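S.K.: Take this structure first; my questions come after.
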Amino acid sequence: MRKTVIAGNWKMNLSEKEALSLAHSIKEKIPAISKGRISMIFPSTLHLAGVAKILQGTEILVGAQNVYPSGLAAFTGETSPEQLKELGVKVVMIGHSERRQFLGETNSFCNEKIHFLLKNDFIVLYCVGETLMERESGKTFEVISSQIREGLKGIHSHSFSNLILAYEPVWAIGTGKVATPAQAQEVHFFIRKEIAGLFLGAKEIAESISILYGGSVKPDNIQTLLKEKDLDGGLVGGASQKIDTYAGLF
């Protein structure tokens, strides 16, 4: 059975005081209402240490929004997986649309990061999705196929147990627009099909991997989305940054 995951992406939001206060509230409320769903939190890098310390010893996973695929080295402004491990970080998000769109992150660089992280026993949340222009020009499946085939190139079958995917239609992020359940299901089904075709024997992996939906997910639409066969949770932005709306996702 696939795991249901609710992943909160705080992006470059919240002051330190707000982040730590929210972490305390999450620690108090979420374990009691999680109902078997896995909770992940992705604070900004500056707040990782404080949030991880608060949530230490709970089942809530603290993740990083980005990483550089290297050990300790001279890469100014970057963060090494080795440093993240010291903080108790177990999950790293790779390929978020904002990093692709604004920071030029490519499928091949995502692939390099994913290989490095899996080799070092991290869980990877890999994001894929199309822009509004790509959807309107009929390129949704072409774009996502490239992101999957190039981003997951060379990943060994045994490593997929530490891999989660998220479909985030860029046109539905922070816009208030949400893909209809049918639209989301269509793409999630396609993602499973693409994973099944990566290598011989990948069909079973495709059926077992969790695929989250990200795009203006809120308490009032998540249950409808999760009724779809191939949707296994949410990658949530704004609604994860307040305790009432985050708790409402469970």
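Placed from the backbone N, Cα and C atoms, the Cβ positions cover glycine too.
Sharing the feature lines straight out of Swiss-Prot:
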- H96: active site, electrophile (ACT_SITE)
- E168: active site, proton acceptor (ACT_SITE)
- N9, W10, K11, G174, S216, G237, G238: substrate binding site (BINDING)
S.K.: By CA distance, which of the recorded positions (N9, W10, H96, G238) lies nearest to the residue listed as 'active site, proton acceptor'?
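M.R.: That would be H96, nearest by Cα distance.
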S.K.: What Cα-Cα separation, expressed in whole Å, is found between W10 (substrate binding site) and H96 (active site, electrophile)?
M.R.: 12
S.K.: State the Cα to Cα distance, in Å, between G237 (substrate binding site) and H96 (active site, electrophile), rounded to an integer.
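M.R.: That comes out at 12 Å between the alpha carbons.
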S.K.: For G238 (substrate binding site), what is the secondary structure state per DSSP, taken as helix, strand or coil?
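M.R.: SS state of G238 (substrate binding site) = helix.
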S.K.: Tell me which residues of the chain lie with their Cβ under 8 angstroms from that of N9 (substrate binding site), as long as they are six or more apart in sequence?
M.R.: F42, Q65, M93, H96, G214, L235, V236, G237, S240
S.K.: In this structure, which of the binding-site residues G237, G238 has the fewest other Cβ atoms within 10 Å of its Cβ?
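M.R.: With the binding-site residues G237, G238, fewest surrounding Cβ atoms within 10 Å: G238.
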S.K.: Would you please pick out, from the recorded positions K11, H96, the one with the fewest other Cβ atoms within 10 Å of its Cβ?
M.R.: K11
S.K.: Can you tell which of W10, E168, S216 has the most other C-beta atoms within 10 Å, given these are the recorded positions?
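M.R.: The residue with the densest Cβ neighbourhood is E168.
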S.K.: By the DSSP assignment reduced to helix, strand and coil, which category contains W10 (substrate binding site)?
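M.R.: DSSP assigns W10 (substrate binding site) to coil.
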